[in-house]
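Per TrEMBL, these features apply:
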- 41-59: transmembrane segment (TRANSMEM)
- 71-92: transmembrane segment (TRANSMEM)
- 160-180: transmembrane segment (TRANSMEM)
- 225-251: transmembrane segment (TRANSMEM)
- 271-292: transmembrane segment (TRANSMEM)
- 304-325: transmembrane segment (TRANSMEM)
- 337-356: transmembrane segment (TRANSMEM)
Amino acid sequence: NAKGLSDDEAENLKYEIMNVLAVDIKEVDHFKVMKTFGKALLSYFDIVTDVLVLLDLIAKQNTRMALIQGISLGVSFISQSIFSIAFGQPWWVILSGLVGMKPAIESWRDATRAKPFPMQKLDNEMMLMISRMVEVMFEAIPQSLVQTLAVLQYKDQRTALQFVSLFTSFLTTGFVVASADREMDTSKYKRKNEPLLFGYVPKTDARKQFYASTSFFTLYKTAKVFSLAILIASTSFRYAITLLCLEWFGILAWRKSYENWRWYQHGLDGVGFGLWTHFCIYLCLLAAPFPLIRVPTALTPRIYAGSLMYMLFINFGMVFFSYRVHEGTDFLTEGRAFLGLATLTIICVISGRIAYHYMPDSHRGTFHKAWTFKHHVADYWWNDCVYQADHRQRITTDQEYIRAYIPCWCSRHYVPEEKVIAFYKEHWNIWCEDPPDWFDDPFKAMIPDYVMEVVEK
């Protein structure tokens, strides 16, 4: 036949392909499917309680709080669609974000091991993680803040539903942050692709670490929302907004001092998208600090650790300012407010220390070391990385390809440019005369202009 195979060889090849497909189908983890959808249902239950509280506020003619609650839900849905556009997903997925269905879609695609969409810039695991992060940032955090404010400011409108919704929101956030990040950390692909960064979940005592992590993230958010709500109830929104803006700029300046503030992907490393992703990362730091944002592609471990300590400390400053400079809130006396915050903070820190205790020594440094993405690319990706999905979603261990692919996916701001240019000059003619199987037209189209300009001279 056209491929030079005999009938017997063709028949054997057919059965080999069928066997591979059968094995691939068996590899769908049905337990993971159930876990993923269980988490999605928990998140949707949280959204349902938020909507019920919104309707309750409307019924009680509390227009101000109802409007803020409604806007936060709308922003959450719109943000899901914005990230879908940025990462190259099709229009039907983009539109699904506007009706709150994107987390369910991403859960299904990841759990059933669906292939990434043709133009999708991240794998399905990462897309699901981003979807969960957006849901927590733009829905769970603002909703819990609004509901806490309603409890503090409107005595006659307090209902059991509000307290149930608040408790659900705090616990859901803690659970989602801990479980979603652990799924990412235990990903077989991530641990082979980035073994230096992924691996903080231990092989033994993983459940104990999970309980401690859930407690830490739940109490971390509770302490922050509690403090912010007291500040706003005691003063006004403008004091809180001023503080949040100063924190946003301060952390941005810290990242800028490391030259580590732009998004790491080629084509998405512009100023606008960099500032938008920094805003999202800041919201995570505020009340849902996913450990994923500690990696060099985002904050870096040093900034992550320093920011967590600052966030826990400034809570006391907000409560102090609320009661000593202003009149505080009638719902709590100053003593009870400080006692409540101190209790939350102490248990939070103890929980975090327990989770850290169970972490393997090899990965403790990923939570506090000075570790920029530029150095990570020049050191690990250039010298040591031997496992990656190529541009056609095939796993490769070819270090020549991995080096050649760096400028195609990595922002120029982090590429070791001298090494890359020298590498391309050395290999370009060889690739053209005897092209490897990966050196195809789609790969050539991804090579950035600054590399091609030098190569073509």
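Residue positions begin at 1 at the first shown residue.
Cβ from N, Cα, C; glycine included.
If one looks beyond the transmembrane segment (304-325) by at least 6 residues along the same chain, the residues whose Cβ comes under 8 Å of a Cβ in the stretch are 220, 223-224, 226-228, 230-231, 233-235, 239, 243, 247, 251, 254, 285-286, 289, 291, 293-294, 334, 337-338, 341, 345, 348-349, 367-368. Across 71-92, 160-180, 225-251, 271-292, the stretch most heavily in contact with the transmembrane segment (337-356), judged by Cβ pairs under 8 Å, is 225-251. Through the fold, the transmembrane segment (71-92) approaches residues 47, 50-51, 54, 98-100, 102-103, 117, 119-122, 127, 130-131, 134-135, 137-139, 142-143, 146, 268, 273, 280 of its own chain, all at least 6 residues removed from its boundaries and within a Cβ separation under 8 Å. Residues 39, 42-43, 45-46, 49-50, 52-53, 56, 128-129, 132-133, 135-136, 140-141, 143-144, 147-148, 150-151, 210, 213-222, 225, 287-290 of the same chain sit 6 or more residues outside the transmembrane segment (160-180) yet have a Cβ under 8 Å from a Cβ within it.
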